Amino acid sequence: MAFAAFATSEAQPEAPKKKSRVAFFLLLPGILYLILFFLTPLISLILTSLQQPAEFGDVGEYEYAFNWQNYVVVIQDYLPHILRSFGYALVATVFALLFSYPIAYFIGVKARRWPLLQSLMLVLVIAPFFISFLLRTLAWKQILSDESLIITSLKALSLLAPDAHFTGTPFAVIFGLTYNFIPFMTLPLYTALERLDTRYLEAGSDLYANPFTVFRKITIPLSMPGIVAGTLLTFIPAAGDYVNASRDFLGGPDTQMMGNVIEANFLVLLNYPAAAALSIILMAAILVLVGIYVKRSGTEELL
Amino acid sequence: MTSRPLPQDPMIRALIAQARRAQVNRRTMLAGAGAGATALALAACSTGGAAAKPTPAADKSDTDKTLNWANWAAYIDEDDNGNYPTLVQFEKETGIKVNYEVAVDDNNTYYGKVKDQLALGQDIGADTVCLTDWMIARWIRFGYGQKLNHDNIPNLANLTPSLENPDFDPGREYSVPWQGGFAGICWNTEKVPGGLESVDDLWNPDLKGRVGVLSEMRDTIGLIMLQNGVDISGDWGDDEFTTANDILAKQVEDGQVRNIKGNSYLEDLKNEDTLAAICWSGDITVLNAEAGDKWQFAIPSAGGTIWNDNFIVPIGSPRKTNAETLINYYYEPEVAAEVAAWVNYITPVVGAKEAAIAIDPALADNQLIFPDEQTLSQTSIFRTLTPAEEQKYQAEFQRILLGS
């Protein structure tokens, strides 16, 4: 009652209304940006994915239609690539988490007493970004090539079969993905762990919990936002990555991921509907997977 | 989630109501204010289907003395400091500043990058680009090239007669040859001292996982078809193509073939990921000069393919006359000889042989630059494909490149 009376009163709503117009104008550039650079391409992508080849058309000529069979065809043709993309991305995310957690823990918790060391290590984590990601991946291709010191030494030590090689294999692609996305995992983990109140850990051990239990019951739950953010920042781009698996970088013909299939359909086969349909499938699949993951890990407020 | 009751304080209630209204406003605005319609309209014009042919850009060569030239790797003379001597000379003679870019790694990927701008008649950032015959044929078919003014290219009289009237461009109205070459086989002479003779030798178990092939379908499949005894310039069809394609598919599946690449196959040869490969003739000479003399090229016993790369002026280039000046310059026999001596590809310029002898008499016998009748008889041109065949064969070939 009081509320209704309040709403009809004359003087008060005037000010907020003005504010909302200000808010609208402040939002305008953002909204226009989203319409122009997100909504438009998305609609264009959906329309393209439903195109059919133009009748008597030349290579790469398509016309608008409602050819939903495109989706069935690309799934039939490229199911292995779709599964491989998510498989590689998952493995790379797990490895990145395993490598990053100790680093982030050390920087964020152990190194608190030495701020200089802390910032130095953070710089080391970020330093690779100063060099182009393509160049770093190409450098790994050289470092891990067949006649390189690493591979020949491993062969000399009989750790690798004499005819084995590294570049062009799934290991190389997963290695590249893990390497390239480790900073994206480490930094969110660090920001979560940096705020970790170590008194909780002391309290845990005061209550006779062993270090592992303390880690499992206190450290992990408290760093969960960092873990979720880091895994998302790694998994999403890794699933769509096409550089590491590219035949020009660390991949070979049997390690091609979805990004490479989209690239080949778009640039070489000029099959734009197939490329568009695959892009939409990739987007939808990531959306669903991420939705389930966030729901299950109980951190909806992150999104 | 259960919604909490609103607080009693009227001020806070007003604020919450305001916030809710704002939310609704934003939503209704997105849906209602024609955002969807605008986006649709924008989307519709972004990817047109079969549109009208673009019109050439206005030429402003008179005032703009620059030129952007997109070309393949190791395809022009280069000195130790990374300068291009013939281009430096050209700049000195004409005052046209040339921006030479190694932008083409593969005909298809280059086309994929620029085709939307071409279709709209926009400047693609290159005023002339050198592409292979079949890709030039596509550009001409789609109207993506500008008609050349032969008055500006008097040296075109030096063009080798056999290249004057290709089926895709009779009279060379749109394209002019830059260099030609062979696709054949090459190997690392230190690691494979026995050498290779035929394409079948690439499938030798000793080379398992160390063989590279080209992502250029006409060269890789062409060589395998020749090995199968098919006349690739003649009348062949789906069966011959599929047989060759299946051979390659099996070798890739078995891990015999390490990788399938464009011009970057040179990197794999250099770091010895591959020890033998299907490759382009001149590249190997350049590679030997660059990274130690240890590779050898040969035309396979069953024959190799021969192709030409051609200058074309993209439809959106506003510097056509500058491009024509450049083409004319490279058709001077002395200049052509200088380039040929470095890149080791077949020069299309008559008189270059005589000029090359003046540089180095040994060059005249180099079969990669000045092939004689006998060498030419070992090579064939991959026949022109219809658009339907092109799509079909590329799809089959790509299936191998993408694996399963």
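Just so it is clear, glycine is given a Cβ too, placed from its N, Cα and C backbone atoms.
Long-range Cβ contacts of the transmembrane segment (A:22-47) within its own chain (Cβ-Cβ under 8 Å, at least 6 residues beyond either end) map to 64, 276, 279-280. Taken from TrEMBL, the feature transmembrane segment applies to A:22-47 (among others).
Marked as domain 'ABC transmembrane type-1' by TrEMBL: A:82-293.
Here TrEMBL flags A:86-108 (among others) as transmembrane segment.
The annotation transmembrane segment is assigned in TrEMBL to A:120-139 (among others). When Cβ-Cβ distances below 8 Å are used as the criterion, the transmembrane segment (A:120-139) is approached by residues 103, 106-107, 111, 176, 179-180, 182-183, 186-187, 190, 243-244, 249-250 of the same chain, each at least six residues removed from its ends.
Counting only same-chain residues 6+ beyond the ends of the transmembrane segment (A:171-193), those with a CB under 8 A from a CB of the stretch are 88-89, 91-93, 95-97, 99-101, 103-105, 107-109, 122, 125-126, 128-129, 133, 136-137, 140, 144, 219, 222-227, 229-231, 233-234, 237-238, 241, 243-245, 249-251, 255, 257. What TrEMBL records for A:171-193 (among others) is transmembrane segment.
Taken from TrEMBL, the feature transmembrane segment applies to A:214-236 (among others). Remote same-chain residues near the transmembrane segment (A:214-236) are listed as 89-90, 92-93, 96-97, 100, 104-105, 181, 184-193, 196-197, 200-201, 204-205, 286, 289-290, 293-294, 297, 299, 302 (criterion: CB distance under 8 Å, separation of at least six residues from the stretch ends).
Within its own chain, the transmembrane segment (A:274-294) is flanked in space by residues 45-46, 48-49, 51, 70-71, 73-75, 77-78, 82, 85-86, 228, 231-232, 235-236, 239-240, 258, 261-263, 265-266, 300, 302-303, which lie at least six positions past its ends and keep a Cβ under 8 Å from the stretch. Per TrEMBL, the feature transmembrane segment maps to A:274-294 (among others).
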